[in-house]
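In Swiss-Prot this protein carries:
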MOD_RES   Gly2  N,N,N-trimethylglycine
DOMAIN    5-242  domain 'tr-type G'
BINDING   14-21, 153-156, 194-196  GTP binding site
REGION    14-21  region 'G1'
REGION    70-74  region 'G2'
REGION    91-94  region 'G3'
REGION    153-156  region 'G4'
MOD_RES   Glu301  5-glutamyl glycerylphosphorylethanolamine
MOD_RES   Glu374  5-glutamyl glycerylphosphorylethanolamine
Amino acid sequence: MGKEKTHINIVVIGHVDSGKSTTTGHLIYKCGGIDKRTIEKFEKEAAEMGKGSFKYAWVLDKLKAERERGITIDIALWKFETSKYYVTIIDAPGHRDFIKNMITGTSQADCAVLIVAGGVGEFEAGISKNGQTREHALLAFTLGVKQLIVGVNKMDSTEPPYSQARFEEITKEVSAYIKKIGYNPASVAFVPISGWHGDNMLEASSNMGWFKGWKIERKEGNASGTTLLDALDAILPPSRPTDKPLRLPLQDVYKIGGIGTVPVGRVETGVLKPGMVVTFAPANVTTEVKSVEMHHESLTEATPGDNVGFNVKNVSVKDIRRGNVAGDSKNDPPMEAANFNAQVIILNHPGQISQGYAPVLDCHTAHIACKFAELKEKIDRRSGKKLEDNPKALKSGDAAIVEMVPGKPMCVESFSTYPPLGRFAVRDMRQTVAVGVIKSVEKKIGGAGKVTKSAQKAAKTK
């Protein structure tokens with residue numbers, strides 16, 4: 001895939017039976033990275049298993065199964081093309097880990113696509129108090145996904161089919177509740193679709209002659225169109241943070257015979273180049289980058305969004321690990337956090353959270369227990385206004401400013417300076433009990449860490 005078109009990331013959200021998989025599968029299938037051979041293979045398997053009707057969801061089920069088995073699956077399969085963008089689907093929720101993934105997010109979504117089912121009774125179930133639709137939309141907004149598209153799906157199974165009244169009723173209700181969350185409905189495209197039959201997915205549907213298209217208004221420029229694909233094309237392109245200092249959270253560290261130590265991760269901000277001297281925090285190790293590779297090709301530079309492996313000199317696999325963060329030793333190098341203040345929203349905790357609570361935090365690739373050292377203030381979830389000082393406890397639905405202290409060395413940043421390193425999920429009892437964004441970090445001023453010989457040499461020659 002060349003660099004001609006801009007790459008954007010979307011996350012597809014919505015209730016479990018809204019038809020997310022079918023809709024996503026349809027897009028990947030029709031405009032996507034699935035080659036003919038793979039499709040023929042899937043179709044043959046589907047037929048053999050009596051799924052001969054070949055639902056698009058089958059594509060996605062296959063991909064999910066492969067992804068969950070840890071097969072390094074051709075990431076192109078999760079991509080598709082519009083006339084303007086290469087689109088990558090970051091995660092199709094449905095796994096239990098979706099919320100965690102969305103936060104630790106292999107990346108930040110540029111836009112969320114909310115799929116709601118239009119069928120009789122289905123929409124109501126998804127949006128009810130315990131439906132997932134609300135929670136997903138609230139999460140997307142809290143985590144900084146400011147663009148939204150709503151697909152009103154299963155229009156073929158409304159009563160009567162392709163009902164304009166039903167579409168308008170749902171649009172009105174969804175508008176009201178996304179507005180409560182913080183989205184501006186005027187800037188959100190509402191598209192009536194059938195992910196299964198293909199209505200208004202790539203081409204205007206002949207079944208909904210009443211639909212005159214969607215229109216959105218926003219300060220960056222208005223847009224209009226008919227299909228879901230048009231709406232994806234109207235997403236505002238992201239500004240990628242190449243001008244910020246380097247931050248690269250490590251996903252793994254490999255030892256490769258004849259090459260040495262190779263940390264692997266995704267550049268979140270800044271640029272990584274061979275010859276740079278990088279510091280790993282909280283390990284406090286500084287060394288020179290010998291080479292940078294992506295998909296087995298060496299790069300002269302890696303920019304935000306690139307998943308890369310890079311070879312470092314004189315560092316053993318024991319020195320650095322997943323969850324460490326690499327940065328430029330000469331430009332705001334990353335440091336260990338002594339403590340940090342965060343704004344948290346409690347999602348689903350059966351009891352109460354009080355001072356001293358120490359669950360596991362998932363922040364970028366780090367997975368570390370942190371203590372709620374002080375509950376500073378309880379705030380209004382939407383406006384951020386203070387409701388009370390030093391609350392005794394927090395329960396589901398509450399938002400608060402808290403001071404957190406990591407139980408082990410950890411590197412995090414404030415959301416405003418390095419967004420991907422400033423949002424986290426609080427995990428306990430095998431579920432996400434809260435999400436948070438980091439307001440400020442107190443850095444631990446460490447002594448001199450390990451500086452390898454090659455780093456010293458590189459510093460001298462510069």
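Even glycines carry a Cβ here, placed using N, Cα and C.
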Lys20 (GTP binding site) in three-state DSSP notation: helix
Intrachain C-beta neighbours of Glu374 (5-glutamyl glycerylphosphorylethanolamine), sequence separation six or more, cut-off 8 angstroms: Gln355, Asn390, Val402, Glu403
Cβ atoms near Val16 (GTP binding site) (within 10 Å, other residues, all chains): 14
Recorded positions compared (Lys20, Trp196, Glu301) - highest count of Cβ atoms within 10 Å: Lys20
Protein Cβ atoms within 10 Å of Ser194 (GTP binding site), excluding its own: 27
Distance, Glu301 (5-glutamyl glycerylphosphorylethanolamine) to Val16 (GTP binding site) (CA atoms, angstrom): 40
Secondary structure at Asn153 (GTP binding site), reduced by DSSP to three states: strand
Neighbouring C-beta atoms (10 Å sphere around the C-beta of Met155 (GTP binding site)): 29
Average model confidence [pLDDT] within the region 'G4' (153-156): 94
Rounded to the nearest Å - Cα separation of Gly14 (GTP binding site) and Glu301 (5-glutamyl glycerylphosphorylethanolamine): 37
Secondary-structure category, per DSSP, in which Ser194 (GTP binding site) falls: coil
